[in-house]
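Novice: Mind having a look at this structure? Questions to follow.
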């Protein structure tokens, strides 16, 4: 569940099909946080948007007991950010404009 810009999650200790696949990344990349069900990709997407659209520095704090899934959560956030960065790179190559140049032009 969300608590402001914080997502509180529970490690299910089992694999849930489709929860962290490419389709989930795509779905959360198209929505703002709070528009669809709480998910770690929503937090990562908000971080990514603030970083590139508003040029705000970002920090994601992952906390929990031993075995709560902190390492897995970190891997999922990095997976999402990597996919979104790759997507931006592909777009900028097609448009022959870098993300930084585009952001400067939009300001």
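A Cβ is built for glycine as well, from the same backbone N, Cα and C atoms used for every other residue.
As annotated in TrEMBL:
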BINDING   64, 65, 66, 67, 68, 69, 70, 71  ATP binding site
DOMAIN    1-107  domain 'Myosin motor'
Novice: Summarise the domain 'Myosin motor' (1-107) as counts of helix, strand and coil residues per DSSP.
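Specialist: Final tally across the stretch: 56 helix, 4 strand, 47 coil.
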Novice: Compute the centroid of the Cβ atoms of 64, 65, 66, 67, 68, 69, 70, 71, then list the same-chain residues not in that set whose Cβ lies within 8 Å of it, in sequence order, for the ATP site.
Specialist: 11
